[in-house]
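Inspection log for the structure reproduced underneath, given as structure tokens.
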Amino acid sequence: MSDALINGLAGAGGGIIAQLLTYPLQTVNTRQQTDRDPKKMKKKSGTVEQMYQVVQQEGWSRLYGGLTPSLVGTACSQGVYYYFYQIFRSKAEATALRRKNEGSGDGSVGMLSSLMVAAMSGCVNVLLTNPIWVVVTRMQTHTKKSPSDQVPSNASEQAIVGGAEPPPYATSNAVQEVFDEAGLWGFWKGVFPTLIMVSNPSIQFMLYETLLKKLKQRRASRNSNKGVTALEVFLLGALAKLGATVVTYPLLVVKSRLQAKQAIGVDKRHHYKGTLDAILKMIQYEGLHGFYKGMSTKIVQSVLAAAVLFMVKEELVNGARWLLLKDAAKVVRSKPQ
């Protein structure tokens with residue numbers, strides 16, 4: 001089994017576990033990002049309060065709306081990302097080693113090379129998996145009417161982004177809705193800001209690998225044979241994700257606005273024609289504050305998810321390598337002398 005495949009499968013496994021643990025936070029955050037109801041803008045609710053409101057008005061299941069396609073998307077995204085990341089990383093390491101043999105460099109992959117490797121892996125991931133995340137966003141922002149809200153008082157209250165439609169609202173409904181609204185291109189809505197957001201995992205992995213390298217160098221300078229623990233990987237992953245999230249959050253909000261259901265024929269603030277139109281309307285009607293809606297929730301969710309992902313991935317990779325070495329040793333011992 002190749003190292004790239006091991007990392008790809010481990011990344012997929014870690015991503016699924018992290019997604020299961022943090023999905024309710026992700027659902028609430030997506031609703032915060034796409035909410036443009038003026039009444040709600042005046043009355044701010046905390047993350048816990050919003051989760052309680054969803055449970056009370058729509059039931060526990062709505063906190064996990066879109067979980068199935070989200071798990072598929074997470075497994076695909078993490079698997080694709082780590083697979084291509086390992087391939088590009090191996091080539092970068094080979095290039096660095098060759099340059100060292102030629103008398104140029106110290107043989108290690110530099111920060112810029114690490115950034116490029118992460119960026120290329122991210123671009124491949126975005127182009128292949130964007131349709132899944134469009135469907136997930138639709139299902140997360142879909143709202144189920146509570147009994148007291150069955151008859152809206154006016155038309156403007158009907159035009160809440162995410163659409164209040166009769167249940168059930170399954171994956172097939174979301175797929176059909178996206179196709180009816182914009183055809184096949186609809187499944188790549190928000191791909192432009194998402195491609196720019198490739199800088200998020202790029203920054204994340206650059207920070208993570210830099211911090212990990214520093215930690216290992218510090219241990220080596222002290223002549224310590226102690227390896228990096230799961231807790232240390234957890235903390236390094238959390239710190240790296242925190243830095244990346246703060247920098248790229250506005251793009252995430254724009255992406256969510258584009259992928260959510262568009263309210264056509266009503267208030268023009270609820271309809272975006274494209275990335276630039278979304279940015280301009282957000283500045284005009286909401287100000288810079290609109291680009292940071294739900295940021296506190298996102299920081300908690302993404303940092304926790306990234307920390308769990310890194311920890312589980314490293315443990316799975318180490319476990320897989322240990323099993324492979326163990327099997328190889330058995331084969332060697334079983335050979336006749």
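The count begins at 1 with the first shown residue.
Cβ coordinates come from backbone N, Cα and C, glycine included.
From the options 108-128, 297-317, the stretch TrEMBL describes as transmembrane segment is 108-128.
Only residues 6 or more beyond the boundaries of the transmembrane segment (108-128), in the same chain, are considered here, and those with a CB under 8 A from a CB of the stretch are 76-77, 80-82, 84-85, 88-89, 92-93, 95-96, 191, 194-195, 197-206, 209-210. Counting same-chain residues at least six beyond the ends of the transmembrane segment (229-252), those with a Cβ under 8 angstroms from any Cβ of the stretch are 33, 193-194, 196-197, 199-201, 203-205, 207-208, 211-212, 215, 291-292, 295, 298-299, 302-311, 314-315. On the 0 to 100 pLDDT scale, the repeat 'Solcar' (109-214) averages 76 in the predicted structure.
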